[in-house]
Amino acid sequence: MNAERDLAPLAPSVVRALNDKLYEKRKVAALEIEKLVREFVAQNNTSQVKHVILILSQEFALSQHPHSRKGGLIGLAACSIALGKDSGLYLKELIEPVLTCFNDADSRLRYYACEALYNIVKVARGSVLPHFNVLFDGLSKLAADPDPNVKSGSELLDRLLKDIVTESNQFDLVGFIPLLRERIYSNNQYARQFIISWILVLESVPDINLLDYLPEILDGLFQILGDNSKEIRKMCEVALGEFLKEIKKNPSSVKFAEMANILVIHCQAADDLIQLTAMCWMREFIQLAGRVMLPYSSGILTAVLPCLSYDDRKKNIKEVANVCNQSLMKLVIPEDDEMDEAKQSITLSAEPNPEEPVSKPEAASTGSLDVSGDSSVSNASVCTVTSSERIQVTLNLDGIVQVLDCHLHDTSIGMMTRIAVLKWLYHLYIKTPRKMFRHTDSLFPILLRTLSDESDEVILKDLEVLAEIASSPAGQTEGYGPSEAAEPRPGQVELHVPIRNSQLSSSGPKGLECSPSTPTMNSYFYKFMINLLKRFSSERKLLETRGAFIIRQLCLLLNTENIFHSMADILLREEDLKFASTMVHTLNTILLTSSELFQLRNQLKDLRTPESRNLFCCLYRSWCHNPVTTVSLCFLTQNYKHAYDLIQKFGDLEVTVDFLTEVDKLVQLIECPIFTYLRLQLLDVKNNPYLIKALYGLLMLLPQSSAFQLLSHRLQCVPNPELMQSADGSRASASSRRPASSTIDYTELLQHFDKVQSKHLEVRHQRAGRAEQPERRVVL
């Protein structure tokens, strides 16, 4: 009985009914409690109201006995109904015990708790919003409840709460975000569905700006996007689409920088939907935020570049990644080359930044993920920022180069990715050459190795980068000279090309020391030529399969004369004589047959200028590594007497199958259009006796082969000199009309030829283990 007095003002019959196992009796007791509380409200007796709620909470709802807990729940709901609009004054006391019952092991009790809370919330309406977080927390747990009745009850309560939030303007979003951020990482499907449904509701409320807090929940949203449930994935897609729609409508208020790294992470996701969605977001971010995204370029490239090599199964991702890559590349501007110096300026913070936003892209009217569309790209941020903020948006070139270098070293990456990496390097050397040359020494080796790539497209793009490095004015500085080219060089007096005054003033002494043969290129040009030849020497297969292709492309990208001049210069000092001979043969074939070298051939054919004569001498000294190519060079330059003198010396050489094969090829070449002028000169027998002698010399060297027959037939067509007397007898040949040719010391050139061939003979003997070779001479 003492217990009954302790529970006053509740009557003993009410107490007994609340503890009864039958629902009907508990319901009758609840009606009595409702009546009692109404009387207290009418009397304005708040203390008694609080006392009743306390009793129902402590003695019933939180009781150890399940039936008592059920009675307490229905009693608290009855109190709320009786209080009506005044229930807001007691919500904390009413809600807390009910929420505690959400964790009860008995599913029936959890259901009654849902029912009770529904009645409490229905009465209180907007007054429950200050308690929204605890209600949301409780509901998020019930959303994953295994009992279907409990889940159904929680959904009913959930809809009611959403209606209240939608119609109210008092929702505390700031207080709710931490809880949402925590709950969004739940792995339970039902909890995720619950979270997404609430995000969609909050997005739809005009007075709630959830976009401001998107950085807090974006990562969680992308994780939910990978859920196994198609329904949840679809809901998440819709939510992300709505956010993207809002971002496009009002980009100036979006915190792009805070979300950039989140997108970078999910652009690398294994799940296709997550990756595609993140990539679409990245595309929009780059195009809307512009240069605000530059500090995150290295991360973006890490995510985007591998996607460029995807096959058709991931075509959508590949296309969007390509747009991202192109858009990001356009953000790099020449001013980035000066940014470091600008930041170091003391007065810069007080000065306006010269970079002004170009234009604001028109906001898209839909938030759907457009895979193939490429909206207009802006080279500047659409966000309205102060000058000091713009100064901080700088290009992290070190990070970008590190990523590009890493991808070039990775042999597993696809062809399109390698091409994109090389395009980036080329673009950076064009836009920010001064900064890029700080990285050239580290990039140079991998760029050279890339010349061995299987793809012609990769090699072409690689050559463009190397050519830009070799020709950029930024490379001709005191700080960036290659060490290899600074070595003393034998024969420098003879091989040195005259330097124009303008080039002297621009290049400086450092540049001349590094590359005396190539004054129009920078200090890296000569280094490039040295290392390219080293590459060919160590990789003979590369020389055989791609050597001509590489050199011909370089002739399109760089000065042809400089390429041949420098390579001949380097080969002059080559210790591997067999390689030198092979390389000279390759260069000679290119010189005589490639359309890219038409102008250089014309220049050498006439030898009218000091530069052309100097080039001839330089080429000749290296061409001596290969006797037949030396003769062909003399034919090209119309030095027929010297060609004859050389052929006379062939009798002292070791005649091998390779040697005869080269003579055979030279005969075939003489029949080609390139030597049309030479064949026409055979008509002028009187003025070209040494041409005819030289050709007869080749004929005598050849065995009775098809080439022998070809040359023999050609020589049979040479007219009788006496028959040609009716022609202008005073006419001199082209070679005899060149007064400048007398400035070339042909005797010294012949001596040089003898020295080089003696070295070759010595090396061959050493290889064969022969001490001596008997002299053999062909008398012509």
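Each position is counted from 1, following the chain as shown.
Heads up, the Cβ atoms here are built off N, Cα and C, so glycines get one too.
Record features, source Swiss-Prot:
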- 5-42: repeat 'HEAT 1' (REPEAT)
- 89-126: repeat 'HEAT 2' (REPEAT)
- 171-208: repeat 'HEAT 3' (REPEAT)
- 212-249: repeat 'HEAT 4' (REPEAT)
- 348-377: region 'Disordered' (REGION)
- 365-377: compositional bias 'Low complexity' (COMPBIAS)
- 438-475: repeat 'HEAT 5' (REPEAT)
- 558-596: repeat 'HEAT 6' (REPEAT)
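Residues belonging to the repeat 'HEAT 5' (438-475) score a mean pLDDT of 94 in the model. As a summary of secondary structure, the repeat 'HEAT 1' (5-42) carries 29 helix, 0 strand, 9 coil according to DSSP. Secondary structure of the repeat 'HEAT 4' (212-249) per DSSP, as helix, strand and coil residue counts: 33 helix, 0 strand, 5 coil.
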